[in-house]
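Everything on this sheet refers to the single structure shown next.
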Amino acid sequence: WQIFKFHIVIVKWHWAIFDESARKDDEVFRMAVADLNLNNEILETEKITISVEFVDGNNPFQAVQEACELMNRGILALVSSIGCMSAGSLQSLADAMHIPHLFIQRAPAGTPRSSCTLASRSRQDDYTLFVRPPVYLNDVILQVVGEYSWQKFIIFYDQDYDIRGIQDFLDKTSQQGMDVSLQKVESNINMMITSMFRTMRVEELHRYRDTLRRAVLFMSPATAKAFITEVVETNLVAFDCHWIIINEEISDQDVQDLVIKSIGRLTLIRQTFPLPQNTSQRCVKHNHRINTSLCDPKDPKAQTLEITNRYIYDTVLLLANTFHRKLEDRKWHSMASLTCIRKNSKPWQGGRPMLDNVKKSGVSGLTGFLEFTDNGTNPNIYFEILGTNYGEDRGRGVSRLATWDPVHGLNGTLTDRKLENNMRGVVLRVVTILEEPFVMVSENVLGKPKKYQGYSIDVLDALSNYLGFKYEIYIAPDHKYGSQQADGFWNGLIGELVAKRADVGLSALTITPERESVVDFTTRYMDYSVGVLLRKAERTVDMFACLAPFDLSLWACIAGTVLLVGILVYLLNWLNPPRLPMGSVSSTTLYNSMWFVYGSFVQQGGEVPYTTLATRMMMGVWWLFALIVISSYTANLAAFLTITRIENSIQSLQDLSKQTELPYGTVLDSAVYEQVRSKAMNPFERDPMYSQMWRMINRTGGPDNNVEESKEGIRKVKSGRFAFVWDAAVLEYVAINDEDCSFYTVGNNAPDRGYGIAMQHGSPYRDIFSQRILELQQNGDMDILKLKWWPRDSPCDLYSAVHTKHRGGALDIHSFAGVFCVLAAGVLLSCLIAMVETWWTRRKGSRVPSKEDDKEIDLEHLHRRVNSLCTEDDSPHKQFSTSSIDLTPLDMDSMPATRQALEQISDFRNTHITTTTFIPEQIQTLSRSLSAKAQQGFAFGPVPDHRTGGPFRQRAPNGGFFRSPIKTMSSIPYQPTPQPNFSYGNDPDRGTSI
């Protein structure tokens with residue numbers, strides 16, 4: 001509560017009135033007393049004298065003290081025009097002293113009234129009468145917002161308003177499911193608005209602007225004017241807003257000022273007083289004539305009258321008529337001269353009859369008919385509801401929409417007049433920007449208007465067909481979407497709407513908080529996300545794709561393992577030589593071990609039989625290893641050749657931001673440019689990814705990597721190493737419709753905003769456009785329009801970083817080129833080795849072999865020498881195989897034991913020529929290898945005849961032996977070996993074979 005001076009009006013035979021510091025009540029009271037003193041019909045010969053006292057409205061003690069002083073002088077009734085705080089104290093005093101108290105409630109500084117919570121007593125002890133009717137503001141505003149079908153609005157109240165006055169209203173709105181916000185308006189409104197702009201984020205400010213579209217103002221007319229002026233100048237409201245101002249104290253001049261300062265629709269609720277239809281009766285009330293300056297509505301003084309002034313005048317008139325009737329009835333009581341300070345003070349005996357006479361009285365005055373009910377309240381109150389239409393015309397008219405009273409309620413119909421679905425006859429001017437596939441020129445004939453096509457044009461046509469409007473379309477002069485310049489003005493498409501040169505803005509226009517601060521957007525008709533357009537890498541031919549299943553290091557390990565295992569097998573056989581089968585032509589050289597290990601690894605088998613346990617253990621583990629490796633290679637090779645696995649370095653916005661080799665950029669001053677900049681520079685939503693992107697985009701101030709138009713960015717991607725950051729929908733369309741399918745896109749799949757249709761700030765078309773867009777989305781029509789421009793069966797792959805072919809699983813020659821290369825290399829290497837071997841053999845045959853270098857026997861030469869040793873030319877065993885020669889049992893005991901012959905018949909393990917001796921019947925065998933150095937032939941001595949008759953075995957073609965049908969054997973002479981003597985005959989397990 002502010003501290004105000006209020007007046008206590010003491011009514012006595014010589015009336016004393018306490019007026020307010022504004023002097024308005026005092027002036028009206030004096031005029032009322034003057035009018036009554038001139039009227040001889042009411043008071044006859046009595047005159048009214050005046051006494052005025054001033055008190056502080058927030059000081060109840062002072063009010064009681066001044067009232068007691070007046071009671072000491074003599075009093076008939078107490079009239080107070082004061083606030084609720086001091087009224088409670090005066091009520092207690094009047095009840096105690098039985099003084100009729102006529103209370104006229106005043107609100108501080110012209111703010112709306114709140115109900116006074118005065119002490120409730122029994123009817124017998126209540127001496128206070130409420131001249132002003134009860135506060136019905138809650139009932140009126142609840143019915144008005146219900147008629148307007150508001151579900152969400154905000155209530156503004158000034159600092160002098162007692163918020164407890166609308167508690168009942170808030171409870172009822174909550175029960176009805178309304179979303180109501182409260183905000184206090186400070187005395188310094190400009191500072192309050194500036195603080196909001198400084199502390200609120202852009203998104204919060206946008207939501208706040210949307211909330212201001214529906215508002216109720218509980219404030220004085222002066223505060224309402226200042227507040228409306230500020231919010232209009234700061235562009236917080238537009239001409240689609242609807243505000244309700246409710247206050248009993250709104251004059252005609254206040255109504256005109258509020259309408260001029262506001263935009264949009266304005267509804268005003270104020271208390272009104274019925275006026276007689278006959279203008280001559282407005283100033284004549286029964287037996288009293290009111291001063292013309294107060295009763296004539298055209299009089300300037302009457303237009304500035306406050307409601308309390310009117311009730312003060314009528315109160316004085318009511319008391320004068322009551323005293324007049326008391327004089328006529330001869331029931332006059334002497335004035336009360338009371339002392340309220342003493343404890344033994346008695347109340348006035350004439351208080352109750354005087355109160356009853358006042359209640360029974362009634363008078364027609366400036367407020368209509370003033371009377372009281374049994375509970376001491378004035379039931380007569382009327383409200384009128386004034387309103388304007390939507391728009392921003394400052395000179396638009398105000399009309400009465402309805403009235404309200406406690407008995408009949410709302411008299412009239414209130415509707416929040418929105419646009420209906422029929423917009424026939426409306427021609428909208430549409431500004432656009434060419435952006436594929438949203439807006440494109442379909443026909444450009446000289447002398448005729450251009451025709452346009454695209455996804456946004458299809459949406460506009462769908463709205464036009466349903467709503468019935470027509471449109472004219474033109475391209476923004478600077479071919480830009482629009483951004484705020486240094487001087488505060490907007491350019492581009494947004495600038496056309498701000499300057500009101502266009503009604504609608506349509507293109508690939510994204511909804512951003514900055515744009516929504518100056519224009520209005522419909523609901524989104526398509527989701528938006530940021531994408532990147534990149535050029536596909538040319539597909540390279542990998543001739544050695546067959547090696548791809550294994551890494552190079554793994555191939556090196558496998559090769560080293562083959563060599564290592566081959567060496568280990570050789571060493572194991574060298575340390576523990578295996579027992580070879582009779583007639584075996586295999587040997588355990590290092591070369592054969594390596595060949596055997598390699599053959600088993602490639603699952604082709606081997607030739608060397610290994611019989612030792614260690615070697616078999618080694619080979620078992622090796623075969624298991626080879627099985628696992630070959631199986632893994634086969635499976636991985638099948639998957640590698642049938643599934644294209646593209647591993648590109650840029651697969652998302654994060655990958656793009658982390659690299660610096662590939663430059664990238666966007667369109668200067670576009671929504672994408674501002675989005676990256678705001679998220680990189682704003683300390684409240686700083687994103688490391690956008691910070692890195694901003695450093696690249698803003699390099700050297702921006703011109704290097706950024707472009708003026710999106711088409712220029714697409715050309716840069718096509719021609720060189722460049723990545724273009726732009727709307728994902730636009731980039732997908734470009735990639736789909738590229739003839740060479742040379743583009744692919746990456747981006748963020750989660751949409752963070754959308755495309756919308758822009759309109760002038762406060763456009764009345766926004767709601768109806770948004771409603772129709774929602775209907776198109778619900779019916780699936782939007783999806784059909786989208787598939788027209790972004791088909792699902794595109795021939796180009798949008799997400800592959802290389803050129804791919806949409807075919808089956810057939811493999812081409814490129815996948816096996818490396819295999820053929822290996823085969824060709826092996827053939828060439830084999831030919832080269834064959835040539836080297838041929839050359840080496842010829843060179844070796846031309847020279848005399850030495851004893852140290854000769855390791856092999858010429859089998860053909862040996863064959864001829866052995867045949868020449870046969871004594872019987874007709875023997876069927878005359879011919880011998882070049883790979884194996886079988887001899888009949890020899891009497892090794894009779895062989896000369898000379899050292900020279902022993903050197904010729906010694907053990908050679910590394911030759912394929914062996915001698916085998918068979919002992920008849922006992923099958924005693926002795927094996928001995930012959931030296932490969934015997935190139936001059938065998939010198940066998942004479943053979944005794946006792947060997948004849950023994951069986952002769954010859955090597956069968958399959959490597960075994962068969963018994964010869966010849967019972968007798970030819971003797972083979974050989975060179976006897978004199979010493980040492982070998983007792984081979986005693987060893988049944990030894991034999992000699994060649």
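For all residues, glycine too, the Cβ spot is worked out from N, Cα and C.
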TrEMBL annotation, disulfide partner among Cys340, Cys546, Cys557 for Cys68: Cys340
Cysteine from Cys741, Cys821, Cys831 that TrEMBL links to Cys796 by a disulfide bond: Cys741
Fewest Cβ neighbours within 10 Å, where candidates are the recorded positions Arg515, Arg677: Arg677
Cys741 (disulfide bond) versus Thr510 (L-glutamate binding site) - Cα distance in angstrom: 27
Largest inter-residue Cα distance among Thr510, Arg515, Asp727 [record-listed L-glutamate binders, Å]: 17
Per-residue pLDDT averaged over the domain 'Ionotropic glutamate receptor C-terminal' (427-792), given as an integer: 81
Length of the line joining the Cα atoms of Cys741 (disulfide bond) and Cys340 (disulfide bond), in Å: 103
Top Cα neighbour of Asp727 (L-glutamate binding site) in the set of disulfide-bonded residues Cys68, Cys340, Cys796: Cys796
Neighbourhood of Cys796 (disulfide bond), C-beta criterion under 8 angstroms, separation at least six: Ala735, Ile736, Asp738, Cys741, Phe743
Per-state residue totals over the domain 'Ionotropic glutamate receptor L-glutamate and glycine-binding' (437-499) - DSSP helix, strand, coil: 20 helix, 16 strand, 27 coil
CB-centroid shell, 8 A cutoff, L-glutamate site Thr510, Arg515, Asp727, site residues removed: Tyr481, Ala508, Leu509, Ile511, Thr512, Tyr528, Ser670, Ala671, Val672, Arg753, Tyr755
